[in-house]
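If you look up TrEMBL, you'll see A:10-73 marked as domain 'MrpA C-terminal/MbhD'. The transmembrane segment annotation in TrEMBL covers A:50-70, A:91-111, A:186-206, A:218-235, A:247-274, A:280-302. Sequence annotations record features per position, and here TrEMBL assigns domain 'Na+/H+ antiporter MnhB subunit-related protein' to A:186-298.
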Amino acid sequence: MIADLLLVAAMLIVALASMLARQAFTAVALFIAYGLLLTLAWVRLAAVDVAMTEAAIGAGLSGVLLLGAVRRLATQASPPPEQPPGPAMTLLIALGCAALAAALGAVVLLLPNPAPSLAAPVAANLPATDLGNPVTGVLMSFRALDTLLESAVVLLAVVCVWALTPEGGWGGVPGAAQPVQRDGPLALLARALPPLGIVIAMHILWVGADAPGGKFQAAAILAAMWLLPWMAGLVTPPPIAARWLRWTIAIGPVVFIAIGLAGAVIEGAFLAYPPGWAKPLILIIEFILTASIAVALALLVIGTPDTAQRR
Amino acid sequence: MTLLVDAFTILAVLAGLVFFIAGTTGLLRFPDTASRLHALTKADHLGLGLIVLGLLPRAAGIDGALRLLAIWGLVLLSSAAVGPMIARLARLRRPGE
């Protein structure tokens, strides 16, 4: 109990410090610390699946993306200083924020007790999917449409990042050229970690059917295992015009939609799995989606091609 | 026997916490980047090692114990690599130190 209260206090302090930080780098560092504290909070709530995703995507990958954004902002000319809002505007902002906070608090406090829950129906229907992990059952069967949309969002994010390619860089090798590190700590990590990381990612993907784990966590680890050798200058990403690269990031959602449409034809409902086929179909979708999401997440970090042609 | 195992766990985890507290104090109080990193990596290596050692008898089976050891090994590897990287960057920024 005391530990939980300390955790909540630490989260509030770190979140506040991140909001109030004057420098972008400090704010991002505190945001990553906040993500790790949030991970601990999810573990304390026995939501290990969410904790793993928060650590991998919320703190890890988002942290790297934000750090990259900070570095890009630092190299550009600072924007003209903004006019501070007048007293009337300040009051309006304060009132709006207070109203939002009050509304959110009211929603939480007005929930009926016990709160409405679908946990019992999920537990009752989980055997139909042959899965042991109820979270995977929800994500891949009962609410598979949400997961399909999530995977499509990752694909769209890559398209949006690529759309920012500067003039003359289209189709080229993405990302700034990294200095080659033949020895030193980064080169050691880039060589020693990927074999271990790939095994761990596959393990997390495979146990996801019956224990905490799954495709997003596995994909984040796989993406990191690609980014490490890239940062050490040991591998060059493929040009974004490469057809196989585009297919790799698109194939996951495509297979997901195809299986969903097959369900609509055979079973009469989009994303319905025929009886007895649920687990094999879910495993196929999870494995192919992992590959797509891993490559997409890595490409999000690597960024857009330079103007300087490096085809 | 269980009493002995419990005592071992408590002693080892407490010893690990001492290293974490010492490391945090060093991170906050030491004057320059290199000594701060030194304090931090010591806490990572020894503190976590002692906590893992204390938890080993409570691991669920041999694979649980191996997972705990793997976590320690991965933290050792990454912090041993990240420490020198930050130190090099700090020296590049401020060659005087």
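Please read every residue number as a count from 1 along the shown chain.
Note: Cβ is positioned from N, Cα and C throughout, glycine not excepted.
Counting residues 6+ beyond its ends, the transmembrane segment (A:247-274) has Cβ neighbours under 8 Å at 129, 141, 144-145, 147-148, 151-152, 155, 158, 281-282, 284-285, 288-293, 295-296, 299 in the same chain. The recorded stretches the transmembrane segment (A:280-302) and the transmembrane segment (A:186-206) share 3+ CB pairs below 8 A when only pairs 6 or more apart in sequence are counted, and are therefore in contact.
DSSP places the residues of the domain 'Na+/H+ antiporter MnhB subunit-related protein' (A:186-298) in helix, strand and coil in these numbers: 84 helix, 0 strand, 29 coil.
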